[in-house]
Amino acid sequence: MEVAVAVLTGLYFAVSIYLMLSQHIIRILLGTVTLSTGANLTIFAMGRITREVPPIIPDGRYLPAEGAANALPQALVLTAIVIAFSLFAFLLVLVMRSYQELGTDDTEAMRDAEPRGEPLPPLGY
Amino acid sequence: MATAEKPKINLEDAFVMEAPALADWLIVAPLVVGFIFAALCLMTRKNTKLQPLIAMSGLVLILACVAGLFLHVLFNGTVIMAMGRWLPPFGIAFVADMLGATLALVAGIVGLATGIYALREADDTERRYGFYPFLLMMLAGVICAFLTGDIFNLYVWFEVLLLGSFGLLVLGSRREQLDGATKYAFLNLVATTLFLIAVAYVYGLFGTLNMADIARKAAAMEDVGPRLTIAALFFFAFAMKAAAFPLNFWLPASYHTPRLAVGAVFAGLLTKVGVYALLRVLLTLFPTDRDDLAISIAVVAAASMLLGALGALAQTDMRRLLGYLVISGIGIMLAGLALGSATGLSGTAFYTAHSMVVMTALYLMVGVIGAAGGTFDLNRAGGLYKAMPWLSVIALILAFSASGLPPFSGLWPKIYLVKASIDVGAWWLAGAILVSGFLTTIALVRLFAYAFWRPAREGASVGDAAARPIIAIGYPVLAGLCALTVIAGVYPEPFIQVADRIAVELMNPAGYVEAVYGPAQAADAAVSTGETTQ
C-alpha cells in the first residue's frame with residue numbers, strides 16, 4: 001500500500017513541477033495545487049496505512065487494538081487540506097484580478113512591478 | 001458498561017495536573033489578543049473613526065504581553081505551556097526561550113510602530129477593506145511562529161502570517177501591486193509546501209512533531225542520510241522564506257508595491273521568521289547536520305550579502321533599494337548560522353533584532369521622504385535638508401546603523417560576526433561582511449546625498465500641505481525607533497548579554513529538551529531513546 005502511495009506521490013510531484021515551470025499563471029496555479037496534494041499524500045504515506053484495523057477504541061479498553069491505523073496523519077492532512085484550499089481560493093481570485101487588470105497571464109509580460117528598461121541610478125552628484 | 005472494572009490509571013504520566021502559573025499564560029496572550037482585536041476591528045470596519053482606536057489598543061496590548069513574556073523568560077528561564085493538558089510529546093507545546101521571546105518583543109515594537117504610522121497613511125477605503133485585521137492577524141501569526149514548540153504548528157503559523165501578508169499586500173489593487181502580489185504569493189506558497197513536505201518526512205522518520213522530542217531522537221539517531229536530507233530540505237524552504245540568494249527574486253519584485261507602512265512591517269518581520277525557523281531547525285533540531293551544511297550556508301550568506309548590496313546600488317527607486325538591503329541583511333544573519341560558534345550566534349541574534357528595527361525605520365523614513373518630496377525616484381528627489389532638518393538627522397542615523405558604522409546598533413553584531421569568522425579562518429566571510437557594509441554605506445549615503453543634500457528641482461514643492469499628516473506622524477515613530485538603535489549602539493552591554501544568552505541556549509539543544517520535558521523526564525528519555533511512539 002505504501003509503495004503505491006509513494007509512486008502516486010512521485011507522479012503528483014512530477015506533474016506539479018512540470019506545470020510550475022510554465023510561463024502561464026493559470027498553469028502555475030494548477031501546479032501549486034498539485035504540489036500541495038502531493039505534500040498531503042506524503043504526510044498520509046508517512047503514517048501507517050492499513051485497511052484492517054480502524055483506530056477505534058473498543059468498549060472497556062483504553063488503547064486501540066494492536067496495529068490499528070494511525071489517526072494523526074489524517075488529522076494533519078485535514079489541517080493541511082483546509083489551509084491549502086483557502087490559499088487556492090485566494091490565489092484564484094488574485095490571478096483573476098491580475099488577469100483583468102494587467103490583461104495577460106504570461107509571467108514574462110507581467111512587468112509592472114519591475115518594468116523593463118529602467119533608467120540608471122544617478123551616477124554623479 | 002465497563003466502568004466497574006476500570007483499571008487504575010496514573011494520569012500524571014500524560015497530563016499536566018495543576019493549572020499553569022498566571023505568568024505562564026503570557027505565552028498565549030499575544031495570540032488571543034491579536035485574534036480578538038482583529039475580530040473587533042472586522043466588526044467595526046465601517047466605523048473608520050472607532051476602528052483605529054481598537055486596533056491601536058490591540059497593538060499596545062500585544063506589545064505589553066510580549067514585553068511581559070520577555071521579562072518572565074529573562075528572569076525565570078524558558079517558559080513552556082502544553083495545550084489541552086497533554087504533556088509533551090503528545091500535546092502541542094508553546095515554548096518561549098530567550099530567542100523566541102526576544103524576537104517576539106521586537107515584533108511587538110515593529111507592529112506598534114507601523115500601526116501608528118498607518119494611522120495617517122492608510123486611507124478610509126483601505127481600513128474598510130481590512131488593513132488593521134490583516135495587520136493584527138499577521139502580527140499574531142509572526143509572534144506565535146516565534147513561540148511554538150511544535151513543527152507542524154510552525155507550518156500553521158507560517159500560513160496564518162502568509163494570509164495576513166497577502167491581504168496587506170494587495171490592499172489598494174494597483175497594477176504593480178497585483179503583479180508583485182502574484183509573484184510573492186506563488187513563491188511563498190511553494191516554499192511553505194516544501195516546508196510541509198519536510199515536516200511529513202520528519203514525522204515519518206521520528207514519529208513525532210514536538211520539536212524537543214525531534215531534537216532528542218535526532219541526536220540519538222546513528223544514520224546520517226535521511227536526517228541530512230530533511231535538514232537540507234528545511235534549509236531550502238526557509239532560505240526561500242528568508243529571501244536568501246539565489247531564492248531572493250520575489251522580494252524586490254513585491255516589497256516596494258504596497259503602502260510604505262506595509263513594506264515596513266514586511267521588511268521588519270517576514271523574512272526574519274524564515275531566519276528564526278532556520279536557527280531553530282538547524283541548531284536545536286539537527287545540530288550535527290548544520291555542521292555538514294555549514295559551508296553551503298556560508299556561501300549562500302556571502303552571496304546574499306554581497307549581491308543584495310550590489311542590487312541596492314543599482315536602483316533608482318528608494319523603495320526597491322531598501323528591498324535589496326533586506327536581502328543583504330539576511331546574508332549577514334546567515335553568516336552566524338554558518339559559523340555556528342557562540343560568538344557568531346550572538347552576532348546573528350543581535351543583528352536580527354537590530355535589523356527588524358532598522359529596516360522598519362528605513363521604510364517608514366522613505367515613506368516620509370516620498371510624502372514630503374512627492375517622489376521615490378533618486379533622480380528627481382532633493383531639497384529635503386533645508387525643508388526638514390530633523391528628518392535628515394534621522395536619515396543619517398539610520399544609514400549609519402544599517403551599514404554598521406559606529407556609534408549605532410549595527411556595529412556590535414558585525415564586530416562579533418567578523419571576529420567569529422576570523423576565529424575559524426573564514427577570512428572570505430569576514431571580507432564579505434565588511435565589503436557588503438561598505439557597499440551598503442555607499443547606497444544609503446547616496447540616497448542621503450540625493451534626497452537631502454541636493455537642492456530641490458525647479459518648481460518642486462517640498463513638504464506641501466497634503467503631506468503634513470504623514471510627516472507629523474512619521475517624526476515621533478521614527479524618533480522612537482532611532483532611539484532604540486542609538487541606545488543599543490552606545491550602551492550595548494544589556495543587549496549583548498541577552499544575545500550571548502540566546503547563543504548559549506542555541507548551542508545547547510539538550511537544555512531546550514530539558515526545559516520542555518522537565519529535568520527528570522529528560523534524563524529518562526536519554527536512557528530509552530530507542531522507544532517508538534506507537
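Yeah, the Cβs are placed from backbone N, Cα and C, and that goes for glycine too.
Unlike curated entries, TrEMBL annotations are predicted automatically.
Here TrEMBL flags A:108-117 as compositional bias 'Basic and acidic residues'. Tertiary proximity for the compositional bias 'Basic and acidic residues' (A:108-117) is limited to same-chain residues at least six positions away from its ends with a CB under 8 Å from its CB atoms, namely 23, 25, 98, 102.
Positions annotated as region 'Disordered' by TrEMBL: A:106-125. Taking DSSP states H, G and I as helix and E and B as strand, the region 'Disordered' (A:106-125) has 0 helix, 1 strand, 19 coil.
Here TrEMBL flags A:6-21 (among others) as transmembrane segment.
Taking Cβ pairs closer than 8 Å, the transmembrane segment (A:28-51) reaches residues 1-2, 5-6, 8-9, 12-13, 15-22, 67-70, 72-74, 76-77, 80-81, 84, 87-88, 91-92, 95, 107 in its own chain, all 6 or more past its ends. The transmembrane segment annotation in TrEMBL covers A:28-51 (among others).
Here TrEMBL flags A:71-95 (among others) as transmembrane segment.
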*Same chain, outside the transmembrane segment (A:71-95) by at least 6, Cβ under 8 Å from its Cβ: which residues?*
25-26, 29, 32-33, 36-37, 39-40, 43-44, 46-47, 55, 105
_I need to check the long-range neighbours of the transmembrane segment (A:6-21): which residues 6 or more away from its ends have a CB within less than 8 Å of a CB in the stretch?_
27-28, 30-35, 37-38, 41-42, 45
